[in-house]
Each structure stands twice: as structure tokens, then as C-alpha cells.
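What follows is a short report on a single structure.
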Amino acid sequence: MPLLDSFKVDHTKMNAPAVRIAKTMLTPKGDNITVFDLRFCIPNKEILSPKGIHTLEHLFAGFMRDHLNGDSIEIIDISPMGCRTGFYMSLIGTPNEQEVSEAWLASMQDVLGVQDQAAIPELNIYQCGSYTEHSLEDAHEIAKNVIARGIGVNKNEDLSLDNSLLK
């Protein structure tokens, strides 16, 4: 099985909250695809609650599009990490970490503006595979934490995992 890029970085050196350009690629037609690691929690020390990350998934995807999409940027997908320490965001375009950070902070403010669980998009049995597993309160706590701590930048060259540790 090939070793994925996300496992070639040293998770013990990651800061959070922080933005990292996880991968860039060029499509055959010349479009730039950028994958961002949006790290909410320090790996192996903090974790997002299942209900909080699920609610955030429903809110964050739309709010980030509101703040980041434009003429040269279109978000393809924002998905939670299985380790529950953040999200991956794939998009067409090449925004820098500062642009992504600003959109992320604005999105967290938007999350705090949602005051009723009924206002969570797609929160119903037809559009969500676990529609009862949500917590607006947990999502608010996550957003407050990001805002209070601020968003830094994780650089791949600072996180390079020594080859002797690759398995």
C-alpha cells in the first residue's frame, strides 16, 4: 500500500489551530488543485467531539465557501479527518495560507451566529446519515476555541518526518 502524503509529516510537531498546504497538483487541463490541512486540534493531545465535528461539518462547508470562493477559487470539498483533529479542504485555485486563515476565522464567527439547532443545514433524516448526532453547543465551543487561540501556519518543511520513522 502506498504511503500517503498525510502520513509523511510529523504529527508531534504540528501546531493548532493552523493551516497547512498538504498537497498541490495540476490537472491535465491545467487547473491547480490545492489540498489544505485545517488543523483544529494538536494531534494526540486534543480531539473534536463526534457531535461537534459533525455539526461543524454541516456549517463549516457552507461558510468557508461564502468567504473563500471567488473568480479564481472554488472549494471542491471540506471533510473531517478520521482522527477528529481537523478537516481537509480541497479546492480549485491557489489561495495562500493567510487567505484561508481569514476565511476560517470568519466562518467560526458565522458558526457562533447560528443560535438554533434547527438552522443547521441538511439536518434531517433525508440529507444526513446520522442526523441525530449533532451538537450546536459543541460546535460553538470549537469555534470559540479557534477564535481565542488564533490560526497559525504549519509548513511541510518544518514537519518532515524522518525516514527512519516511516512505516
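A Cβ is built for glycine as well, from the same backbone N, Cα and C atoms used for every other residue.
Residues or ranges marked as Fe cation binding site by Swiss-Prot on the basis of sequence analysis: His54, His58, Cys128. Taking a C-beta cut-off of under 8 angstroms and a sequence separation of 6 or more, His58 (Fe cation binding site) has the following same-chain neighbours: Ile120, Pro121, Glu122, Leu123, Cys128, His134.
Taking the mean position of the Cβ atoms of His54, His58, Cys128 as the Fe cation site, the remaining residues of that chain whose Cβ falls within 8 Å of it are Thr55, Glu57, Ile120, Glu122, Leu123, Ser130, Tyr131, Glu133, His134. Secondary structure from DSSP puts His54 (Fe cation binding site) in a helix.
Annotation for His54 (Fe cation binding site): spatial neighbours Pro80, Ser130, Glu133, His134, criterion Cβ-Cβ under 8 Å with sequence separation of six or more.
Classification of Cys128 (Fe cation binding site) by DSSP places it in coil, neither helical nor stranded. If you draw a 10 Å sphere around the CB of Cys128 (Fe cation binding site), it holds 17 other CB atoms from the protein chains shown.
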